[in-house]
Amino acid sequence: MGECSVRPIVVNQVGYPLRGEKLAVFTGGSHQFRVVEEATGAVVLEGVSGPARFDVSCGATLHTGDFSELTAPGRYRIEQVDGAASAVFSLAERPYHELQQGLLKAFYYYRCGVTLTEEFAGPWAHQACHTAEGRVHGNELLVQDSAGGWHDAGDYGKYSGPGAKAVADLLLAYELYPSSFESAIPLPESDGVMLDVLHECKVELDWLFKMFDPATGGVFHKLTTLKFPGLDVMPEDDRAELYFSPVSAAATGDVAAVMALAARIYEPFDHVYAEKCLQAALRAWEWLERHPQVPGFVNPPDIVTGEYGDAVDTDERYWAAAELLRTTGEEKYHTAVQELAQLDYPKYSLGWADMGGYGTLAYLLRGETIADAALYATLKEGLLAEAARLMEQSAADGYRISLREEDYIWGSNMLVMNHALLLLAAEHVSGDRRYAACALDHLHYLLGRNVLDISYVTGFGDQSVRHPHHRPSVGDGVEAPVPGLVAGGPDRGLHDEYVVEHLQGKPAAQCFADHELSYSTNEVTIYWNSPAVFVAARFNLLK
Ligand code: G3I
Ligand code: 9MR
Ligand code: ZN
């Protein structure tokens, strides 16, 4: 495959709930359309799409057709007289249930250090990987246990900050929508007592404990080999030496925050574990206090794996303070939040570099009655203003999402899902359901209602990503990619050789290639999956 082209009729390929708005987007000249039952070819609805307009990000003239009137469960496609047809999609009760399960199961496939057994991984089973101890870079006589956690992405690096973002999204999803997580995935740990989402997050938290520098209490930025292995190397065959990169303030702040969050979430199930998380959070916080000003992380010269450089660490400190406040109730963290909130950095952004949004959410979710009234009001207004901006941008967009042309960056699908998460947070604090409707439009985009007619989630949708830049999917000899993985999506910066050669001059939203060589558009990561789990959890119960 590789290059993807503009398609005449696009829908959410997974489908739509029986009730509520159902829209398809058209690029052809004709405005007449009909909905056809897949099995019988029977026309079940005829309609006319609205006025056409040109969309700059997509480089196409678009119009929207409404088929909300159709409410009978089934499998359908949309057709036009000139022969154009959409992907097949379902109308069903709870159409996003399996999707949510699959997006969460993806984290099992990302597990490192354990055998993925056939019982749980099917054809994607593989041997345990990366079980060796890691060397502390710069102090190479020091070696320590480094096993476990999740691989970051299509590469096998493990990075503290991105890992913390992924866990935070999953724990917040559980906190806001616990009943969406009731069915077992299942996982090897499924026990009917603690939900699988919490079992899965424990995998990463257990590894994050190992990322502490025993000497200082700071958190190592990452654990990787010196360079990336070849694209077809299976995880268990990647046996190069593993190195802990130096401690960074960003990683230490992120881990302080996520450990404080975890301490709260796990307390009802396992007091000892919750206490261990809290002690880790306190350790990391103390490091931050002792290091008020430190330069941002840069890769040591001999390490060329993902850098995740982040020069600004006030947002991570703010998030850590807000989570510690929420978990312990101690006044000193309230003072820290109040001070850090005065500084200038994005307060409604959800990472991986700009984590301030999580601090804001922690403060707002803690509750109004115990908050500093002025700060609470400022942050709530700010959140709703940002949500309003996203709604406005979405209303002006041909596919109803909030990305501006310049937002089609490396990992643009993370922005799509982060924005949806933020809209849902706005719904949560305001009770206004219009934010959720806009968030759902973002899910429709991810699952195929986009200019390329592609579902960016492997294994979900009639025309989903088939060739992700994901080493196990390339190396395992199985035709289908590992399922449930969210691809990065269009990146107008054309950041790899494949897209430089094939996509010159394309409009922003078309700068995507379903090709295994395109690491800047078609890689997958844990922190692109995690906000998608949050969004799917909100809509899992829709009928
Ligand atoms: O923020 C700027 C924005 O202001 C500017 O307008 C825009 C123009 O290109 O760039 C934005 O920065 C981009 C940044 O991501 C935003 O998050 C950079 O161009 C872009 O190069 C950078 O890409 C990161 C990429 O690593 C390269 O460093 C991705 O976010 C990040 O997700 C990705 O992470 C990799 C890891 O290194 C290794 N593991 C896989 C993972 C996913 O590909
Ligand atoms: O394969 C690597 C991918 O997993 C990383 O996310 C990406 C980050 O920059 O880098 C990829 O490796 C490429 C390297 O950066 C440049 N040379 C080609 C490599 C891919 O084959
Ligand atoms: Zn591994």
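Along the chain as shown, the residues are counted starting at 1.
Every residue, even glycine, has its Cβ placed from backbone N, Cα and C.
Whatever TrEMBL says is automated annotation, not expert-curated.
Within 10 Å of the C-beta of His469 (active site) we count 25 further C-beta atoms, all protein chains included. In this structure, His469 (active site) is part of a beta strand by DSSP. What TrEMBL lists as active site is His469 (among others).
Asp514 (active site) falls within a strand when secondary structure is assigned with DSSP. Sequence annotations record features per position, and here TrEMBL assigns active site to Asp514 (among others).
The active site annotation in TrEMBL covers Glu523 (among others). Cβ neighbours of Glu523 (active site) (same chain, under 8 Å, six or more residues apart in sequence): Ala153, Gly154, Asp155, Pro468, His469, His470, Ala487, Gly488.
As annotated by TrEMBL, domain 'Cellulase Ig-like' applies to 8-79.
Taken from TrEMBL, the feature domain 'Glycoside hydrolase family 9' covers 96-535.
According to DSSP, the domain 'Cellulase Ig-like' (8-79) comprises 0 helix, 37 strand, 35 coil.
When Cβ atoms from all protein chains are considered, those within 10 Å of Asp514 (active site) total 21, not counting its own. In this structure, Glu523 are the active-site residues from His469, Asp514, Glu523 whose C-beta falls under 6 Å of some atom of ligand 1.
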